[in-house]
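Since the structure comes first, as structure tokens, the remarks are kept for the end.
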Amino acid sequence: MRLVVCLVFLASFALVCQGEAYRGGYTGPIPRPPPIGRPPLRPVCNACYRLSVSDARNCCIKFGSCCHLVKG
């Protein structure tokens, strides 16, 4: 009996939360920020030949890789 009461409570709570989400204008997951302006990740720094000078500079400062492109 307690299990049934618990399941009914959880189902009603989920319906209320779903209704609040739509009423508040929230329709989906929060989008990720664009990659522009984000620091390059370590795997990007491993492929030095594909980097721009600014990305190579960031890789050199943060991770110590691709520094030969900056000194170039």
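Just so it is clear, glycine is given a Cβ too, placed from its N, Cα and C backbone atoms.
Record features (Swiss-Prot):
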- Cys45-Cys59: disulfide bond (DISULFID)
- Cys48-Cys66: disulfide bond (DISULFID)
- Cys60-Cys67: disulfide bond (DISULFID)
- Lys71: lysine amide (MOD_RES)
- 1-21: signal peptide (SIGNAL)
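Taking the features listed in Swiss-Prot, we show where each one sits on the structure.
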| residue | record | Cβ contacts under 8 Å, 6 or more apart |
| --- | --- | --- |
| Cys45 | disulfide bond | Leu51, Cys59, Lys62, Phe63, Ser65, Cys66 |
| Cys48 | disulfide bond | Ala56, Cys59, Ser65, Cys66, His68, Leu69 |
| Cys60 | disulfide bond | Cys66, Cys67, Leu69, Val70 |
| Lys71 | lysine amide | none |
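Between the listed disulfide-bonded residues, namely Cys66, Cys67, the fewest other CB atoms within 10 angstroms of a CB are found at Cys67. For Cys59 (disulfide bond), the count of additional Cβ atoms within 10 Å of its Cβ stands at 25 [all protein chains shown].
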